[in-house]
Amino acid sequence: MCNICKPPQQQEATKSCMDCKASYCNECFKLHHPWGTPKAQHEYVGPTTNFRPKVLMCPEHEMEKVNMYCEVCRRPVCHLCKLGGSHANHKVTSMSSAYKILKEKLAKSIHYLISKEDQVRTQITELEVLINQTEENGQLAERRANEHFERLFETLQERKSEMLRSIEQSRSRRLNQLKGQVEEYQGMLENSGLVGYAQEVLKETDQSCFVQTAKQLHVRIQKATESLRTFHPAATPCFDEFVLETSKEETLLKEMCFGGDPPLIDLSHSRVYNEASICWRLSDDHLPTDHHVVEYRRWDSGVWRATDRVYGPSAVVCDLEPDSLYSFRVRSCRNSMFSPYSPEVTFHSPPAPAFGFLFSDKCGFSTERLILNKRRDTVESVAGMGFLLAAERVQTGSYIGLDYIIGDTGISQGRHYWAFKVEPYSYMVKVGVASDSKLLEWFHNPRDTSSPRYDHDSGHDSGSEDTCYELSQPFTLLTLGMGKLFIPKTSSSSSVSTANASSGDPSNRMLPMPQRLGVCLDYDACRVYFYDADTMRCLYERQVDCSGTMYPAFGLMGSGKVQLEEFITAKRLTF
């Protein structure tokens, strides 16, 4: 029976509370366990008189009581969980210790909330003020938007009326001209108008009267005859000059948004390889945006493709085709409204996928004259004391050699492309590829480099000796320095496609140094290409001996610096 009701109105119990250890009928339970109070969270079961102590059992081991607390998972566990279960390697503590610590934390938290009651009420008041302001400002923004659209509607209605009135006036004028011409020509018909009047005049027998009348009539008939020979309508029925072109206005209306300029693509930080890294920036006074969308297309396809939503100032576009021209544009979205598109920018993808590598400090690296940064993506040559001491002996014909450094990843098949930047102040930097089959022999058996004959670009012509030297050395390099790019001379062993390279005049073999230089190695075709990485214009190409594994190679002399592109050093691809 219900423990709360009193006889003779005592009711049968419908449920029992395990926390209160009492049974209740429906009405008494509602009265003593109201919603929104701690008692509403009590555990209740069907009517019972067996109020056993409440025991929490382990969910993983149903027959075991929980008697420990896992500090990692923050949940009660049993001893089996600790011995060989999922909590075997976790830190656990006794239930009494966990009870004491958690109770103290909860008591402190409750005390803190109680002490901050005034602050909570103040914040509630502030939130209520913000709710009212949001409602008022939202209604104000809606009214202003309606006003703007009403003005647009009025302007469109005015222009519509003016243009329709102009068409109506032109139509009326042309109809009047054509109807007048119809009446004039109808007068030429028999028994009407001019012809009928002429026929009556011909019946006149009095000579003097006939002559007086016929003279003016003859002039009118001549004019009518002339008009027949040179007939053309008095007005044209075509209204082509009243065709309205509204595509531009429709585009502007579709791009209408709540203020803010479109984003601008940052050309200095955007790069295109087999993937494109597109960066953009917003104006300083631009309102916050929800997301951005990048669209791109190949020039020969004409179909724009869009990326997923982008929540930062950059995006990576994947799976671009090699040696293709791509256009990119960006627009931002705020409050479900898109901004106008950014101005389109165009990039030319390289002829091969990006090859990822870092500089290697293992093979032939000079720690005395070359400085490699921690990321191993930048190498710098310093003109130190050794360079100055060697310069003292220049008068005796001493020649200063290059300090070489290669990439840490080799190529043994396929086509690959990489790009880098040579600082404009660099004295002399050579860039290209090197063969591992000749590198070891080169560094262990150094050549006699005391003569300028062994520099490709020194201007020395040693005939067959240079040819033999070129075949034996492991490097295929292009020279940059002092703001210039120097095209190597041709020889009987090389095949060069650049026109200027065959000229004997050194001035014809000099080009301005590109801001970024790209190298493409076609291993299977045994050919290397050098590009202006910004325009993807091929500056120089030649045959290369791919007898072993090929590595990106660099040589520096004097002050100079080479920095690999971040997209290259990211090693997005594995070869």
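Cβ atoms are placed via backbone N, Cα and C, with glycine included.
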Legend entry - Matching range for TrEMBL feature annotation, coiled coil, among 33-60, 117-144, 453-480: 117-144
Legend entry - Stretch-averaged pLDDT - the domain 'Fibronectin type-III' (262-352): 87
Legend entry - DSSP helix/strand/coil residue counts for the domain 'Fibronectin type-III' (262-352): 0 helix, 41 strand, 50 coil
Inset, instruction - Give the residue counts of the domain 'COS' (202-259) per reduced DSSP state, in the order helix, strand, coil. - result: 35 helix, 0 strand, 23 coil
